[in-house]
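Asks: A single structure is presented below for examination.
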There are 2 protein chains.
Amino acid sequence: MLMNFLLPLFGILLIALNFKLLLNKPEGNQVMIDISRRIRKGADTFIAHEYRVVFMYAIFIAVVLGSLTAWYVSVAFLIGACMSSLAGYIGMKAATRANVRVAEAARTHKQLGPALKIAFLGGSVMGLSVGSLALLGILLVMFIFSHQLRPEHFEIVQNYLGINFIPIAMTLSGYALGCSIVAMFDRVGGGVYTKAADMAADLVGKTELRIPEDDPRNPATIADNVGDNVGDVAGLGADLLESFVGSILSVIVLAAYTFVLSGKRNYETALALIKYPIGFALIGLASCMIAIVVTVLKKVSNKPHAELNTAIVISAVLTIIGNFFYTSFALSGLNGLEMYGFRFGPHSAFLSAVLGIFAGIVIGLLAEFYTSDNFWPTRNLSYKCKQGTGMVISGGLALGMKSTFLPCLVLFGTIITADYFAGLYGVAMAAVGMLSFVATSVTIDSYGPIADNAGGISEMAGLEPEVRHITDRLDMVGNTTAAIGKGFAIGSAALAALSLFASYMFSQTSPGEFVKRIQELLVLNIINARTLAGAVVGASLPYLFSGILIDSVVKSAAKMVDEIRRQVKEMPGILDGTQEPDYERCIAISADGAIKEMVLPAIISIVSPLISGFLFGVEFVGGLLVGTTLSGIMLALFTANAGGAWDNAKKHLEQGKIEGLKKGSDEHAALVVGDTVGDPLKDTVGPSLDILIKIMAVVSLIFAPLFQRFKVF
Amino acid sequence: MLMNFLLPLFGILLIALNFKLLLNKPEGNQVMIDISRRIRKGADTFIAHEYRVVFMYAIFIAVVLGSLTAWYVSVAFLIGACMSSLAGYIGMKAATRANVRVAEAARTHKQLGPALKIAFLGGSVMGLSVGSLALLGILLVMFIFSHQLRPEHFEIVQNYLGINFIPIAMTLSGYALGCSIVAMFDRVGGGVYTKAADMAADLVGKTELRIPEDDPRNPATIADNVGDNVGDVAGLGADLLESFVGSILSVIVLAAYTFVLSGKRNYETALALIKYPIGFALIGLASCMIAIVVTVLKKVSNKPHAELNTAIVISAVLTIIGNFFYTSFALSGLNGLEMYGFRFGPHSAFLSAVLGIFAGIVIGLLAEFYTSDNFWPTRNLSYKCKQGTGMVISGGLALGMKSTFLPCLVLFGTIITADYFAGLYGVAMAAVGMLSFVATSVTIDSYGPIADNAGGISEMAGLEPEVRHITDRLDMVGNTTAAIGKGFAIGSAALAALSLFASYMFSQTSPGEFVKRIQELLVLNIINARTLAGAVVGASLPYLFSGILIDSVVKSAAKMVDEIRRQVKEMPGILDGTQEPDYERCIAISADGAIKEMVLPAIISIVSPLISGFLFGVEFVGGLLVGTTLSGIMLALFTANAGGAWDNAKKHLEQGKIEGLKKGSDEHAALVVGDTVGDPLKDTVGPSLDILIKIMAVVSLIFAPLFQRFKVF
């Protein structure tokens, strides 16, 4: 057991090392240092404020959770909340230090390679934090409460309220919930922050004043750059950590319930199956560490796309090879695997996970197909600018809607095949597989905003256009890879959801209940009026949630628009560069908006299954979860792809790839509107939906026995 | 039985009478007559072409359907296709004759009242056609195949392919499918036609050339007006007829299966329950006829909103009262009602239907709340124009998303309560109730486009602004009431879907199979991997379908934009009014686009359950239906409300209700973009989704036994 700790601890060592390596790089001239310090200060101030609020809520939830279930659940919950916050915090720290150094590398070397390496180094701190801290937390919880895994405690207990649960499953659910809730706050808060600044900067800067992006004359420009760090780095890290933990949890809880409800046969098998996803993920983490070290040490070429792909491929291949052997060691020779539906012996679970890896990559490639201007969908979208803004918007909506179909076919194939290999355990393992090399994929995801920030700094510091050109090329690659990361988050949520549904059904069983055939418990009948009615309401929740999020961004952005207009009007020196705009006011507006707006969506995700359950019982909540999951997956795919396509369609024109059209034209303005509309969709709404799905599922799972006892109607 | 025919026949008499009354009204001056003739010619040509294509497909489908099931199914299918086409055709004929007469009445009387009466008269032809022909068709089918209702034929039979079905259920499913498929072609074809013209006219006319709507200098203006008739009148009529028939069918099939599967107890009861929804609908039709005659005969005031509401209230109240007594007569004294879940005796079904009426009205009022500028959501949206186009679009998306939640709560309440009253039979009856006064609601729905056309004619004929003002006021009321009609269509689809799911499950039973407890058949387990995978794919289908539809409109509109620009450039006399634009070219572009684009969506709706079923079997298709229904309802509500709100937000500014802003300003341009984006959403995508849901459900219901026998995997 203790041996397992070595890997995440080694990961933390690597984080420290990479951070140190990063800090050793030169920061550039005084102007650059000043700007970067401002961004850093903005980000630090916001995160500090955000975390104070988050922790107030977290402690409140921990107290309620603990008093309704058991004290150890709230301890695990707080550990989860800490791990998630810590990962976001460390990653954000590194990103706000990497940005200026990337710009400086581009300036001194005039080459992609060195800049790429620093951006990668900065991103790796975030990636390794996510991978290491997620697993460290799980191991910690399982170590502290290791007695819950002993045969005598490994059964359904009843607490003073009469709620039944399996202690280890409940404790780990608490841990996952802690990660998820912090992720929700971080994603929504960061998302509102960054997109309010971004939208306003675009709306007034590009469209009204017609000054370029990141121009120092735009008062919102620092806020925009701060936003990249708190939203796209810290928010993203917390989100992927949550997904990673959620998928592992879904395997463990399923295994635990299957064991207990089958009359506690094959203790060794159950234990092995509970530990298996953790082992699988640890080997994934080790593979990522190797890939990251290799990329950091080797001479980096000027082809960012190839370099990043190599890192991913090394991680994936090592994960697969390593886990092949690990599986032979961990699951061979066990009895009772057929109880979990292992059709091909011990390697059934491994096959499912590998399937998940490939499914994740295919979903990612599909996202790239729909959103990159290397392919016709986005290219065609960019040409629509010739017919006006309306057509750009309609075309983007159509693109986003159509883009949901193929990923769903992939999910369908994955679910059916993984189920064939190893039952629901296999489906859940496919989610674990998809996220097993999360450290590398998050590294690449957070590399994007770092490059983006570097571009901002180079623009504000008035560096040569060549520097900006280098950072732009880095950023574009980041956009595509970010789409892949989003695919992993939503794909794994869909897969994990299925086994969470199953666990939800299991969790309604009482301790004394003798179950002949476990399958009988696993029926959630959608033709039942109550379940279907729940599904209808559930399907509308992601829409309600998304509408509220867009509104939050719009509200905050509107305030920012007014502020920018006010400054430009009252300080005429701003536009000719003789007067410095009041950046701090804009930072404050974004921060206040984000803190205020992040609470309601988080509350919706926790409270809606509770209210539903206490009013209408478990069948209704079952339907609610199904509806939310289905509609959440669709909205997540739709918003991510529509937003990504609008962004890149605009860049397509900006890079002079549409003959005869250039920046500042009416056609460009039409594409800028598309990008503005897409901003909150792809960076605030889309990435929060997978968290919504999981919080609702885990909350329902925890409280299902209570619904049964205390339901009103 | 024969007595029942009297009512729809009397309805047809009233149609003739109203049509005659309409034709007696004066047509106005020669310019007006010329314009109206052009619109009529465009509409006639298109409908003739469209129906040729539709009937080719219909005959093909009828042959396939007949050879796989039984010949009488294809006969019923063709009767359905005829009724649906006929209703659209008659209504469109009346509308293209009413438009010019409304303009003339406004011109001579300078008052709302007389114009309102003619518009209402024109709309009533469509409304009564829908109500009468739908029921006439059902009665005809049941009369021709009345032997299928005799006890000896009323059971599960097996055809030469080994497919099992109940003849009467299968025949009526064929009838409903005929209505649905024509509706799909009409809705999509008409929707693409009208919105391509509308979008292009807005994009070039309003935004580029800055000439007003319906200005005769705009080459697309006649095509736009033709579109109102083929899309918003003929398409709408076919759509509501389909919904009406679909809801009645869902009750009948459920009653038939319950009877047969329960071991054929209580023949009298089963027969009464099969006839009950038809009787309920007949009384609804009679109530509508009374309300329409009263409105036509009485002195009409200048308050259109009040007049229309009165017509609705008379229809609803008479429907409720009449059916209270009808229920006492039709269902009292029957045995075996408890088998269908009638908790409060015979009136359980009546209560469910009344619940449906109220639910429909509440959903409609919610649509009004979200889309009318009398309430804050749309008013706030219109103020967003001050912050630019991006904010208008984002705000509208947010509004549409949030607007899905409350209607879903209403649906939830209706499903739960109707199920409590009378089981699934009650849920299906709620859908029938919601649509029971369809004749009046369609009258009011088609009154809108008539007023819109009248406005177009008055603009093109250069009549005084006063005339346009009157038609505008009529049109605005029409917009709100149209939102209510859309609420009925989607609400009833959701309710009907539940009982269609149940019938789908029943239809998988073999003749010899002895069923102890009917409830055991009614389990579609969503936790089954195959079902959930089906649901994921199903949920993506409405998105794929919507994306394709938007693309179709955009593609067609783009061609139109090019054509308008070409004409304005090559014929410089157009803009100063010395040269007449080539209207016919634009009409041809719209028509060709519509005919070409209407086929694929129709094929998707029919083929997707078939492919799925033959590949992956009944559980997968069950999931597919659930996914499509849930996601289709959400998209329908979202698109209808977002589109309606954008439209009215634009009108809000145009009517001078935003201080300091007027037509032609940048702010107005921002709202015009919103309206343009909303056009295909609210008038092409949204209204087609309920048809998609029903076609998929009915196709699955018909072919379920085949899936079981011939599935591949």
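The backbone N, Cα and C atoms fix where each Cβ goes, and this holds for glycine too.
Automatic prediction, not curation, is the source of TrEMBL annotations.
As listed in TrEMBL for this protein:
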type     : residues  : note
TRANSMEM : B:6-23    : transmembrane segment
TRANSMEM : B:43-65   : transmembrane segment
TRANSMEM : B:118-145 : transmembrane segment
TRANSMEM : B:244-262 : transmembrane segment
TRANSMEM : B:274-296 : transmembrane segment
TRANSMEM : B:308-329 : transmembrane segment
TRANSMEM : B:391-416 : transmembrane segment
TRANSMEM : B:422-444 : transmembrane segment
SITE     : B:Ala482  : site 'Determinant of potassium dependence'
TRANSMEM : B:526-550 : transmembrane segment
TRANSMEM : B:598-618 : transmembrane segment
TRANSMEM : B:624-646 : transmembrane segment
TRANSMEM : B:691-710 : transmembrane segment
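Could you give the neighbours, burial and distances for every feature on this list?
Replies: Away from its own ends, the transmembrane segment (B:43-65) comes close to residues 73-74, 77-78, 81, 85, 88-89, 92, 96, 174, 177-178, 181-182, 185-186, 189-190, 193, 226, 229-230, 234, 587, 590-591, 594-595, 598-599, 602, 606, 702 of its chain (Cβ-Cβ under 8 Å, at least six residues beyond either end).
With a cut-off of 8 Å between Cβ atoms, the residues of this chain six or more beyond the transmembrane segment (B:274-296) that come close are 4, 7-8, 10-11, 14, 18, 21, 117, 120-121, 124, 127-128, 131-132, 134-135, 138-139, 142, 149, 168, 244, 247-248, 251-252, 255-256, 307, 310-312, 314-319, 322-323, 326-327, 330-331, 349, 353, 428-429, 432-433, 435-440, 443.
For the transmembrane segment (B:308-329), the residues of the chain that approach it from at least six positions outside its boundaries are 120, 276, 279-280, 283-284, 286-288, 290-292, 294-295, 346-347, 349-350, 353-354, 357, 361, 436-437, 439-441, 443-444, 447, 477, 481, judged by C-beta separation under 8 angstroms.
Sequence-distant neighbours of the transmembrane segment (B:391-416) (same chain, 6+ residues past either end, Cβ-Cβ under 8 Å): 355-356, 359, 362-363, 366-367, 370, 377-378, 380-381, 384-385, 427, 430, 487, 491, 494-495, 498, 633-634, 637-639, 641-643, 645-646, 649, 670-671, 673-674, 677-678.
Here the transmembrane segment (B:422-444) has Cβ contacts under 8 Å with residues 11, 91, 120, 123-124, 126-128, 130-132, 134, 236-237, 240-241, 243-244, 246-248, 250-251, 254-255, 258, 273, 276-277, 280-281, 283-285, 287-289, 291-292, 308, 311-312, 315-316, 319, 323, 340-344, 348-349, 351-357, 359-360, 414-415, 478, 481-482, 484-485, 488, 491-493, 495-496, 498-499, 502 of the same chain, all six or more residues outside its ends.
Annotation note: B:Ala482 (site 'Determinant of potassium dependence') sits in a helical segment as assigned by DSSP.
Sequence-distant contacts of the transmembrane segment (B:526-550) (same chain, six or more residues past either end, CB-CB distance under 8 Å): 188, 191-192, 597, 600-601, 604-605, 608, 612, 616-617, 619-632, 635, 639, 680-681, 684-685, 688-689, 692, 696.
Residues 50, 53, 57, 61, 181, 184-185, 188-189, 192, 508, 530, 534, 537, 541, 544-545, 548-549, 552, 624-625, 688, 691-692, 695-696, 699-700, 703-704, 706-708, 710-713 of the same chain lie 6+ residues outside the transmembrane segment (B:598-618) yet bring a C-beta within less than 8 angstroms of a C-beta in it.
Sequence-distant neighbours of the transmembrane segment (B:624-646) (same chain, 6+ residues past either end, Cβ-Cβ under 8 Å): 367, 370-371, 377-378, 381, 392, 396-397, 399-401, 403-404, 407-408, 411, 479, 483, 486-487, 490, 493-494, 497, 500-501, 504, 524, 526, 531, 534-543, 546, 608-609, 612, 671, 674-675, 677-679, 681-683, 685-687, 689-690, 692-693, 696-697, 700.
Taking Cβ pairs closer than 8 Å, the transmembrane segment (B:691-710) reaches residues 65, 68-69, 73, 161-165, 170, 173-174, 176-177, 180-181, 183-184, 187, 239, 242-243, 246, 249, 253, 493, 496-497, 500-501, 503-504, 507-508, 541-542, 545, 601, 604-606, 608-610, 613-614, 617-618, 621, 624-625, 628-629, 632-633 in its own chain, all 6 or more past its ends.
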Asks: Below 8 Å Cβ to Cβ and six or more residues apart, same chain only. Which residues does that give for B:Ala482 (site 'Determinant of potassium dependence')?
Replies: B:Asp232, B:Ile444, B:Asp445, B:Gly448
Asks: Counting only residues 6+ away from its ends, which parts of the chain sit with a Cβ under 8 Å from the transmembrane segment (B:118-145)?
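Replies: Distal contacts: 1-2, 4-5, 7-9, 11-12, 14-15, 18-19, 21-22, 25, 72, 75-76, 79-80, 82-84, 86-87, 90-95, 97-99, 101-102, 105, 167-168, 171-172, 175, 179, 233, 236-237, 240-241, 244-245, 248, 278, 281-282, 284-285, 288-289, 292, 295-296, 300, 307-308, 311, 438-447, 450-451, 454, 474.
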